[in-house]
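S.K.: In case it's useful when we look at the structure, here is the feature table from Swiss-Prot:
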REGION    1-144  region 'Actin-binding'
COMPBIAS  178-214  compositional bias 'Polar residues'
MOD_RES   S192  phosphoserine
MOD_RES   T312  phosphothreonine
COMPBIAS  326-338  compositional bias 'Polar residues'
MOD_RES   S338  phosphoserine
MOD_RES   S372  phosphoserine
REGION    426-503  region 'Interaction with protein phosphatase 1'
MOD_RES   S461  phosphoserine
REGION    598-1091  region 'Interaction with TGN38'
COILED    598-628  coiled coil
COILED    674-825  coiled coil
MOD_RES   S841  phosphoserine
MOD_RES   S916  phosphoserine
COMPBIAS  922-937  compositional bias 'Polar residues'
MOD_RES   S929  phosphoserine
MOD_RES   S957  phosphoserine
MOD_RES   S958  phosphoserine
MOD_RES   S961  phosphoserine
MOD_RES   S975  phosphoserine
DOMAIN    989-1052  domain 'SAM'
COILED    1036-1091  coiled coil
Amino acid sequence: MLKAESSGERTTLRSASPHRNAYRTEFQALKSTFDKPKPDGEQKTKEGEGSQQSRGRKYGSNVNRIKNLFMQMGMEPNENAAIIAKTRGKGRPSSPQKRMKPKEFVEKTDGSVVKLESSVSERISRFDTMHDGPSYAKFTETRKMFERSGHESGQNNRHSPKKEKAGEAEPQDEWGGSKSNRGSSDSLDSLSPRTEAVSPTVSQLSAVFENSESPGAITPGKAENSNYSVTGHYPLNLPSVTVTNLDTFGRLKDSNSRPSSNKQATDTEEPEKSEAVPVPEVAQKGTSLASLPSEERQLSTEAEDVTAQPDTPDSTDKDSPGEPSAESQAMPKSNTLSRPKEPLEDAEANVVGSEAEQPQRRDLTGGGDLTSPDASASSCGKEVPEDSNSFEGSHVYMHSDYNVYRVRSRYNSDWGETGTEQDEGDDSDENNYYQPDMEYSEIVGLPQEEEIPANRKIKFSCAPIKVFNTYSNEDYDRRNDDVDPVAASAEYELEKRVEKLELFPVELEKDEDGLGISIIGMGVGADAGLEKLGIFVKTVTEGGAAQRDGRIQVNDQIVEVDGISLVGVTQNFAATVLRNTKGNVRFVIGREKPGQVSEVAQLISQTLEQERRQRELLERHYAQYDADDDETGEYATDEEEDEVGPILPGGDMAIEVFELPENEDMFSPSDLDTSKLSHKFKELQIKHAVTEAEIQKLKTKLQAAENEKVRWELEKNQLQQNIEENKERMVKLESYWIEAQTLCHTVNEHLKETQSQYQALEKKYNKAKKLIKDFQQKELDFIRRQEVERKKLEEVEKAHLVEVQGLQVRIRDLEAEVFRLLKQNGTQVNNNNNIFERRPSPGEVSKGDTMENVEVKQTSCQDGLSQDLNEAVPETERLDSKALKTRAQLSVKNRRQRPTRTRLYDSVSSTDGEDSLERKNFTFNDDFSPSSTSSADLSGLGAEPKTPGLSQSLALSSDESLDMIDDEILDDGQSPKHTQSQSRAVHEWSVQQVSHWLVGLSLDQYVSEFSAQNISGEQLLQLDGNKLKALGMTSSQDRALVKKKLKEMKMSLEKARKAQEKMEKQREKLRRKEQEQMQRKSKKSEKMTSTTEQP
């Protein structure tokens, strides 16, 4: 709740700034409108508004009280007494720094303010004869505070409350606005302390005194407030004369608003006074005024009615819509002693009227003996939350704080005798009003110096130093450029925050229900009350002006109202500005931009939730105690409500239990006079009231214990529910943990399987590497053996060549011998010539003709010549080797596998070896003569079948090793059909062969796409990654496999092409050699023929 703070104290906390000066100027303009009289002549209460609105958070009464007590701690009793007399002024000027006390006060519906009477506690305080330092200073300071508030209470306005029904409680805001501005009243963030409970005892005690005593000691025109309740502690052995001076709390009581008797006895009440609304009060059993004599009760009622008549013109009850009403707590000021011997009949003169009342009051003030009863609801009255629509009401029972501050002091047993002198001394200046402008305090002066220097020319005074509370008429303009504006001015921060908001104007028409919004000031709270976040819309009243307009929403910031900025102001200031608006109201609303996290919205929602919970608790609280009151029947009648203060059970109650002394001797009524009998009766009433209070306190404690028990049961149930939830959560977590364990076991199993597979693959890989090495070694061995065989063949060919040459030489020798023999035999020369002529060439002579001619013509040497000729090989045609070559190539092609590097090398080398051997053999045959062809043919026929056999063994060995590797490494081996389909070159493959190749690679899913695109061998070799993706091969592993195979095939084709080119070159060389040999042979044959023809 916002608390009051004097502007003088505020200026000591925060220095002035240009922003603050601007706001103060605006508020002064508002204040001037409050002070103007209304057109109908009703005067607005200037003092009631607590001077100007002090910007900043208000401090409560406790702060000021404690501060003032500390200031008085070190003062002497005589100095304190002097201060009390000096600081009372004659007038009531309103200081611009006068504090506003939002405490309780009372008003009448006709506009007059009740003048309250002095309380018993104040009368008792005058008999303090033991002036003991700090305790006396505290007590006198408290009295001074009672007197100080006299000029501030009379003009404050307040609505009369009604009894709040259970379930319908609505806490009223601090500023009780009228119906027209109810919608714009500022919302409070905490419950009003008016709903707290106070002790029922003191109100019952004061009700006892109120029955028969006269309200004579009343000063006209005075109505004073106090922020503090003071309870004294008194000795237990009280003499019977002074029992009536027991401490009690003063209560606010409107004596002119009684429902029955005051309307008949009062002649000067104004006609516009509204009908009284009875407030139900808890009456204590046995203390009803009905038990008193009717004369005394009528006398007390009439006497109290007359009390407030002269005070009627002091103030009016009209509540201006723009003026916040403060709650104040009135304490009595006039102090008189009651003397038991004064007859009660003197009080009847008060019934006559105000003319006879004034002299009697002067008499009672100067030396009156009657005790002035105090209405005891000032601190313990039952506070009922106000209905904002309620203007009428007769009684106002309010208090602002349930804490009771006790001022402790010691008393002598004879305080009743010495108190009269102080009473008279204090009453002498009772009509002097306290003037806050003249307030000062004295502090201890300089100590006496023991030795004063002789040459000192000045002298220091040792008198007490007076410290006056000064007020500045002009704000101190601080021009300090070194101060950081961000750190020194909260307004600067707020203006920076407003710049980030989305601002838009809104105009509302204020109707009879107000603006339809409630505001809340969101702030940090440690910086003299400036709302660090600004003034925000807390709620929007259903059906109000703001809801009908629809533009203002909850959590919006009110930046400006009718040109008055609400940036950096207090909630009270904002509420005052809103209440002062009329007609068409212009707003500037700030709203946070979309997407931002609003801390204000969170705070407001938390505040609303807290208020809702507190309201529910309060409703249950009232419902519970209303039920208790209905059961026990402790409600008082309408007649008793005026004398007995309302009591709100529950809460912390400061119950003072007085153990009154009882005389052992019982006096008869004849031995006692009327005053003693009255005193004895009051003593018994007090005892009864105390007993009732104790019973009520025990009931309250019992109810609190039951509530605590219920709360414990709820907590126990909540804890049990939490335990069950935790158990369920633990079961869930345990199930999750078990699932995680099983998952870990599964993953471990998979890992072990993967490791075993990896080890198996590694073994296969090592075995394959070993086989490859073995194969390479065998290949090297085969090459070496082949080289050795080739050398052997060359040596054999050389031996054959030498042998052939020897044979040719021998043949020539034999032919020469034959020719010689023929010459010798002249008879056969012609026959030999005919034979040579008939034969055109040596190849045309057949074997049979030669042999016949030889047998016919031969003579003596015929047998030897025929033997030589038979040894010679007859000349035959050269054998055709093309058939053998074709046969060898076909045998190789039939066993042809995929063109791997080793197989291609084997096939090429075997073919080369074959051709070279054939060609060499036939070259030899070309050089042979007709007689040597048989040997050449034999050598050629013997070498030719040998070479294909070697190549076949090589191919077989290669096939076996590669098949073993395929079986070891590949998961799916190549089928014979697949191998046969690839016997052709890759670029010659058809679409079907490409499909077979894909099936061999376990890529069956892509066969349809390849077939649809008609991918042949040439297109297959041209495929890359993008084309494979286009063909639907999305798997990167499949694409990598196909690319790898295509790369290997391309490399194999390139090597085959190079080998083919090499073979072509070798064949070309062989052809050239054959041609050269043919030329040589032809030349040799020509030479031979020429030589044979010459002889």
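Each residue, glycine too, has its Cβ placed from N, Cα and C.
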S.K.: Let's check the environment of S461 (phosphoserine): how many other CB atoms sit within 10 Å of its CB?
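M.R.: Counting Cβ neighbours of S461 (phosphoserine) within 10 Å gives 8.
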S.K.: Does DSSP give S461 (phosphoserine) helix, strand or coil?
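M.R.: DSSP call for S461 (phosphoserine): coil, neither helix nor strand.
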S.K.: Report the DSSP secondary-structure composition of the domain 'SAM' (989-1052) as helix, strand and coil residue counts.
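M.R.: Secondary-structure composition of the domain 'SAM' (989-1052): 47 helix, 0 strand, 17 coil.
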S.K.: Summarise the model confidence on the region 'Interaction with protein phosphatase 1' (426-503) as a single mean pLDDT, whole number.
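M.R.: Mean pLDDT for the region 'Interaction with protein phosphatase 1' (426-503): 69.
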